[in-house]
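Enquirer: What Swiss-Prot records for 20-138 is domain 'Response regulatory', and it gives sequence analysis as the kind of evidence. Positions annotated as 4-aspartylphosphate by Swiss-Prot: D71. Residues or ranges marked as domain 'CheB-type methylesterase' by Swiss-Prot: 193-386. Marked as active site by Swiss-Prot on the basis of sequence analysis: S204, H232, D328.
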Amino acid sequence: MSVALAGSPAINATQYEPLRVMVVDDSVVIRGLISRWIEAEPDMVVAASLRTGLDAVNQVERIKPDIALLDIEMPELDGIAALPQLLAKKRDLIVIMASTLTRRNAEISFKALSLGAADYIPKPETTRESAGAEVFRHDLLQKIRHLGGKVRRRVSAPSASAPMVARVREAAAAPAAPSVASQAALVKRAFGPTAPRVLLIGSSTGGPQALMSLVAEIGPVIDRYPVLITQHMPPTFTTILAEHLMRAARRPAHEGVDGELIKPGRIYLAPGGRHMRVTRQGGQPAIALDDGPAVNFCKPAVDPLFTSAIDVWQGGIMAVVLTGMGSDGMRGGKDIVAAGGSVIAQDEASSVVWGMPGAAANAGICAAVLPLNQIGPKLVRLFSGDRS
């Protein structure tokens with residue numbers, strides 16, 4: 001039996017053992033709701049449903065979960081205090097932080113990412129609002145499935161010389177995404193002939209840490225050119241991310257404002273809940289925020305940014321697709337390449353999830369597929385005139 005959520009790869013549930021999920025939340029209502037969602041999926045099970053971080057720390061070695069969904073605000077031991085203790089006891093544990101959309105919780109979520117959490121998910125203020133609960137369900141199951149791809153256990157026949165279960169890595173990307181060993185074969189395009197005049201970046205799962213690392217390395221690019229970023233992230237979280245990017249880059253960074261003129265020396269981040277597009281205002285490049293429907297199940301989405309920029313910069317676009325689930329950015333990347341621009345994708349080994357960059361690489365649109373720590377230096381050279 002194959003299962004998939006929209007934007008997720010199909011998983012043959014009969015070939016893999018179910019992912020073991022530990023749900024840690026002080027709300028019995030939330031624990032019950034999430035547990036029912038998980039148990040309804042054939043490729044995952046609830047390994048434990050616990051009330052506090054202390055319960056999780058005391059029982060994680062016995063439970064042996066693959067993934068922990070960890071609430072931030074709990075009695076006895078909260079999520080941020082429990083996180084390092086859980087990872088110390090089970091180093092391969094994948095932790096997803098869960099919190100409501102407050103500034104304090106957004107800041108704590110960013111701290112959790114720096115301490116080793118794999119991702120975060122915003123909880124709805126109330127589960128009685130059906131639309132909000134459905135979005136939460138969709139996003140949660142998608143994250144579990146994609147992040148769990150790295151530890152999913154393939155079912156094998158009993159053998160005297162082999163264990164029942166072998167750990168295998170399954171790329172959380174498009175079904176045909178190539179392995180790390182074959183990535184060199186994907187690089188088939190030369191960089192576009194036009195000197196880049198703008199840097200566009202798209203990212204999702206694992207993106208905040210990747211973005212902070214990248215912008216810290218591209219100061220010479222930011223000083224001379226505008227940088228526009230779409231990170232899949234809700235409101236409040238993008239506000240905090242912009243502040244972190246400003247500190248990492250030591251250059252101005254803020255959420256894009258509708259009608260704002262785009263200038264070199266600044267980083268513009270798509271605000272949560274709005275698509276960020278590029279338009280012209282009085283002949284000058286400007287931000288246009290769009291409150292339309294989600295694109296690729298995301299809002300903000302990368303494709304609207306990528307595609308809209310072509311009318312302004314034509315072939316002078318350098319686009320980077322970083323770690324993330326799904327395939328957002330691939331279609332926009334195709335449009336950029338068709339217009340004479342260039343695309344770089346993060347490689348699988350350095351990605352938390354090789355979905356978005358894998359889709360771009362597999363589509364044959366990339367001029368380079370690089371580890372994260374090589375993308376910054378490459379961009380500095382490219383924007384300095386080195387087209388090799």
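Cβ coordinates are placed from backbone N, Cα and C, and glycine is handled just like the others.
Situate these features within the shown structure.
Expert: In three-state terms derived from DSSP, D71 (4-aspartylphosphate) belongs to an extended strand segment. Within the same chain, residues at least 6 positions away in sequence whose Cβ sits under 8 Å from that of D71 (4-aspartylphosphate) are V24, D25, D26, S27, I30, G79, A98, S99, K123.
Other Cβ atoms within 10 Å of the Cβ of S204 (active site), summed over all protein chains shown, number 30. Look at S204 (active site): DSSP puts it in coil.
Residue density at H232 (active site): 26 other Cβ atoms are found within 10 A of its Cβ, drawing on all protein chains shown. For the recorded site, H232 (active site), the DSSP three-state label reads coil.
A simple way to gauge crowding: the CB of D328 (active site) has 31 other CB atoms within 10 angstroms, across all the protein chains here.
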Enquirer: Could you measure between H232 (active site) and S204 (active site) for me? Cα positions, answer in whole angstrom.
Expert: 5
Enquirer: Tell me the Cα distance separating S204 (active site) from D328 (active site), rounded to the nearest angstrom.
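Expert: Between the alpha carbons of D328 (active site) and S204 (active site) there are 9 Å.
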Enquirer: Can you work out the mean pLDDT of the predicted model over the domain 'Response regulatory' (20-138)?
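Expert: Mean per-residue confidence for the domain 'Response regulatory' (20-138): 93 out of 100.
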Enquirer: In the domain 'Response regulatory' (20-138), how many residues does DSSP assign to helix, to strand and to coil?
Expert: 56 helix, 27 strand, 36 coil
